[in-house]
């Protein structure tokens with residue numbers, strides 16, 4: 001009996017020990033200190049870190065692109081700084097009807113400075129319109145990095161057409177842009193036009209190619225910006241062309257003899273848009289040099 005009791009007791013003890021070991025050996029959610037919740041949190045943190053890294057890379061890429069763009073802009077402006085552009089606002093308060101040679105050594109003579117035209121609707125004289133537009137053009141070109149000089153910055157001057165050309169020559173201008181407005185007996189005529197020195201003139205044949213190239217680029221830009229441009233005309237009769245030793249383009253903004261166009265040209269916003277086109281055309285010309 002004692003043996004049986006002892007055997008039973010041993011059996012019970014062994015059974016209890018086996019059961020206890022079985023429970024202690026079962027895997028626990030927290031046995032390694034790594035829970036499912038922790039797994040999600042860590043995964044989330046990894047994703048957030050990846051997202052931050054991605055955004056950081058994107059920001060760095062954006063900053064690099066912006067830096068490159070800024071560098072390119074600076075480069076363009078630095079290049080433009082070597083060029084001098086002379087702007088000649090057409091006419092002046094009072095015309096000078098005394099005469100001067102139309103070209104160096106020529107026996108043919110013309111008025112030193114004509115009076116110009118006047119707005120049929122606005123009554124604004126051409127000399128006021130051209131100076132207003134020229135100041136806008138000057139600002140645009142300077143912002144592009146060009147050095148800009150002007151033949152006049154007020155209306156009350158007396159500067160002949162030959163003197164304007166000589167002024168640009170003496171100041172080593174790389175380009176002359178003359179700003180004018182047109183007039184016609186036909187009040188329905190509208191549109192801008194560009195005038196350049198004649199390729200057949202003994203006085204201007206050397207500056208014709210560059211003048212023509214610049215005029216084509218200005219005309220193209222103006223058309224792209226929605227302006228009507230009638231044509232590019234070669235002129236051998238303009239004193240301001242014949243005395244020039246540098247490329248020159250004359251921009252006729254439009255017809256002051258047309259009421260609608262006259263009123264448009266009087267608007268600052270219209271002048272700003274047109275002069276921006278002229279400036280961008282000039283910029284394109286120098287980019288090709």
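Indices start at 1 and increase along the chain as displayed.
Heads up, the Cβ atoms here are built off N, Cα and C, so glycines get one too.
Whatever TrEMBL says is automated annotation, not expert-curated.
Keep in mind the model is a prediction, meaning the values are calculated, not measured.
TrEMBL lists region 'Disordered' for one of the ranges 1-22, 89-110, namely 89-110. Cross-referencing 24-75, 128-179 with TrEMBL places the feature region 'Disordered' at 24-75.
The average pLDDT computed for the domain 'MurNAc-LAA' (165-283) is 99.
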